[in-house]
Amino acid sequence: MYEYAFLAIVVIAAAGYFLGRSRAVAVSPQGRGVGLHSLPAYYGAYVALWVGLPVLVLVLIWLSLQGPAVDQLLLASLPEELLAGKGEGEIDLIVSEIKSIAGGRIFGEPDRAVLDAAESYNRWHDIADMAMLVVVLAGALGALVLTRSRIAAGFRARHGVERILTWLMIFCSVVAILTTLGIIFSLLFESFRFFARVPFYEFLFGLNWEPQIPIRKDQVAGLGAFGAIPVFLGTILIAFIAMLVAGPVGLLSAIYLAEYASPRFRGAVKPILEILAGIPTVVYGFFAVLTVAPALRDFGDMIGLDIAPNSALVAGAVMGIMIIPFISSLSDDAFAAVPQAMRDASYGLGATQSETILSVLIPAALPGIVGGFLLAVSRAIGETMIVVMAAGLIANLTANPFEAVTTVTVQIVTLLIGDTEFDSPKTLAAFALGLVLFTATLILNIVALRIVRKYREKYE
Amino acid sequence: MSNQTMDVRAGSLLDKTDAASRRVRRRHAANRRMQAYGLGAIGFAVLLLGILIGSLIWSGGQAFFQTRIDFTVHVDPAKINRDDLYRSNWRAIVQDSFMELFPDVDNPRERRAAAGILSSGAPYVLRDRVISDPELIGQTIRVSLPASDPIDQFNKGVITRDVPEDQRIVTDQVIAWYDRLEAEGRFSTPVNWSLITEADSRFPEMAGLSGAITGSFYALLVCFLISFPVGIASAVYLEEFAPKNRFTDLIEVNINNLAAVPSVVFGLLGLAVFLQFFGLPRSAPLVGGMVLSLMTLPTIIIATRSALKAVPPSIREAAFGVGASRHQVVIHHVIPLAMPGAMTGTIIGLAQALGETAPLLLIGMNAFITSDPGGLMDPATALPTQIFIWADSPERGFVARTSAAILVLIGFLISMNLIAVLLRQRFQRKW
């Protein structure tokens with residue numbers, strides 16, 4: 001039904017454009033659009049915008065509220081005996097059964113009351129859809145008549161159109177703020193619900209993470225263990241290994257590309273390194289599982305080391321490969337920002353290239369390099385797919401890179417796949433982890449950008 | 001001569017004493033070492049990229065071909081329910097005809113082993129063929145049906161004969177049958193078009209990517225429809241109209257921040273706001289596209305702003321000079337000139353969105369569906385999440401499928417990036 005609503009809006013707005021334009025031409029003092037305040041097209045656009053936009057906003061609001069409203073209606077209409085003595089979870093189950101029957105998927109022999117409810121659910125949706133269509137048509141046509149009647153020779157249509165466009169652009173710019181607010185509020189809101197059940201200090205400082213335990217409400221110790229320290233440590237361990245791989249490789253390649261390489265070599269190699277950043281992370285995850293993990297295991301067997309199939313080493317090393325281009329291009333930028341005069345001065349004193357790099361360029365570019373490293377760390381902490389596929393699922397309090405550890409992002413994904421009951425601490429725990437992740441990466445990014453910016457001011 | 005003068009002369013460039021030349025040699029060696037480290041690091045990174053691509057091609061290449069078995073099937077009208085072709089006993093029809101190839105097999109265990117040579121999905125292939133052409137009922141037709149995964153692996157040499165029998169899934173008995181059928185020329189290994197044309201399946205030999213490609217297409221379409229207009233509009237506002245004040249600073253900071261937020265957090269946002277608060281359907285490409293569009297937005301805004309910045313002020317001034325309003329200058333002159341840059345940024349942003357997996361997992365776009373999603377609200381999967389699902393599957397055939405799916409995904413990414421590069425080369429101008 002909503003397709004028809006959108007279609008109707010587009011058609012009526014287009015009609016509004018032509019009606020407005022022709023009306024403007026008709027009322028123009030010298031005829032054929034001459035002597036108007038604005039060009040005729042602006043009158044058309046003015047009518048079209050006033051016809052289309054308010055109704056479009058109305059439809060979007062309607063569509064986003066219709067589902068919840070009908071759900072409330074449904075819940076209120078369910079007969080008492082169906083709900084008597086049932087908990088929140090069971091009621092949710094009944095509601096989802098009604099919805100699936102309403103969608104035409106009937107399993108087994110449902111209750112008479114449930115079938116009736118499904119029928120009225122469908123009926124309400126039909127009524128709401130029809131009502132929306134009627135409101136859209138009435139609103140659009142009303143706006144069309146109203147705005148068209150305002151058109152006169154002296155009417156400042158261009159100013160009107162430009163004002164609307166400005167507000168539209170401002171609204172689009174605000175989307176970024178709304179997104180950030182949405183992230184912060186959804187994380188905070190769900191986390192508060194989580195901390196209402198699991199104490200804050202237990203989450204931040206507990207040493208035992210076993211969120212998968214709680215299944216039934218009546219179970220003894222129905223709460224899982226939500227001590228997130230092992231998860232945090234696992235994240236840090238994997239990010240550390242990743243930096244151990246990516247740091248030296250990225251920095252050394254940046255040094256070579258910035259200082260030694262011929263322009264042709266640089267032009268050929270830089271894009272190749274950048275390919276590494278463009279490969280989807282799910283591919284790295286598969287690469288880790290398919291190639292790197294068995295290879296490392298065989299190597300471990302050869303030298304008598306016991307390496308777990310999901311070791312932190314594998315996940316970290318592959319993640320390191322992924323962030324090499326990140327570090328190399330940021331360090332490259334930092335080197336490029338060092339003025340040539342400083343290099344020339346160093347060579348003038350008789351220093352070799354490597355001496356210049358070590359004692360002039362690196363100290364001068366250090367803030368930029370450090371900033372780049374911090375950005376890479378935040379990337380590594382937030383990276384999901386590689387660790388979901390290659391790291392472990394079970395929280396393990398260890399610093400041994402050959403053992404399996406788990407990370408914040410792995411836990412978020414495993415807690416939320418296939419389970420979106422919003423009242424179990426298990427699901428809410430994922431949001432608490434998300435809050436920690438968001439805060440940590442945000443702080444790292446702010447610090448990194450501060451460092452990079454401060455450094456830049458030096459030479460400008 | 002005193003020692004002091006000796007020391008002074010040792011420091012001179014003209015001096016060729018042993019100590020000095022040794023020092024110079026050492027310093028040059030250090031320089032060469034540094035150079036070697038740099039080259040080594042680059043070599044290491046390029047080598048890893050090579051191994052990554054190589055291992056994908058090596059293990060994925062074979063999934064582009066599929067072993068098939070040719071034999072004749074009698075489409076027995078007695079076993080077909082003409083009112084409901086879809087639910088007729090296709091399994092019996094295919095198996096009975098197939099077992100005619102093994103006249104000497106009679107005990108049930110051997111029968112089952114022999115039937116296992118053919119894919120469990122083979123009856124559906126016949127079913128679809130007969131449903132599209134009901135004339136075939138009652139006829140005896142030649143068919144070429146997919147072999148089961150173990151036979152496929154064996155035929156391609158992934159499973160070899162020299163492994164002891166108890167360690168491979170293809171028994172000696174089955175190998176003997178295989179050899180006989182091979183001698184009769186019944187096996188063929190044509191290009192596996194079903195990888196592209198079929199949707200997902202539990203059987204690796206039947207599974208394809210079309211459902212995932214459709215899902216990705218819908219999600220990217222939504223992503224484009226939202227992020228392109230919003231991104232362009234906000235870039236134009238910030239670059240051309242916005243006053244410099246606290247409010248616009250706040251917007252700028254927010255855009256930069258969004259670019260750095262981990263993708264999984266966007267998944268949490270989608271889950272809490274779109275699914276829970278607004279009650280949109282789970283697994284729908286609409287929600288996936290909305291989440292992806294929020295992630296792509298900063299990329300598009302940043303690219304568009306730099307394209308707008310590159311338009312020289314003289315163009316604006318000329319337009320102002322002939323009496324255009326500010327909006328007219330921007331809409332008629334600046335935006336058209338900045339469009340190629342904005343398009344390039346958009347394509348690059350969409351390419352990133354195409355490879356994004358984690359947020360889609362959280363909003364459930366990893367549904368197992370055996371037919372293409374029909375619209376924006378249907379449960380769907382996307383290319384990267386399909387890869388994730390296949391990578392998790394225990395069947396051996398899915399390893400090759402996963403690699404092949406990755407190659408398809410990377411193919412899409414490369415072509416999108418190529419389009420971006422071509423756009424840039426074709427339309428970018430130097431002022």
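Residue positions begin at 1 at the first shown residue.
Each residue, glycine too, has its Cβ placed from N, Cα and C.
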Among ranges A:8-27, A:308-327, whichever one TrEMBL labels transmembrane segment: A:308-327
The transmembrane segment (A:357-377) and the transmembrane segment (A:130-147) contact flag, 3+ Cβ pairs under 8 angstroms: no
Folded-back contacts onto the transmembrane segment (A:275-296), same chain, C-beta under 8 angstroms, at least six residues removed: 307, 309-311, 313-315, 317-319, 321-322, 324-326, 383-390
Highest-contact recorded stretch vs the transmembrane segment (A:167-189), from A:130-147, A:223-255, A:308-327, A:384-417, A:429-452, CB pairs under 8 Å: A:429-452
Intrachain neighbours beyond the transmembrane segment (A:384-417), with Cβ under 8 angstroms and 6 or more residues off its ends: 207-211, 228-235, 237-238, 241, 280-282, 284-286, 288-289, 292-293, 300, 305-316, 318-319, 322, 426-427, 429-430, 433-434, 436-437
Non-local residues, at least 6 beyond the ends, that sit with Cβ under 8 Å of the transmembrane segment (A:308-327): 234, 237-247, 249-251, 253-254, 273-274, 276-277, 279, 281, 284-285, 287-288, 292-293, 296-297, 372-373, 375-376, 379-380, 383, 386-387, 390-393, 400-405, 407
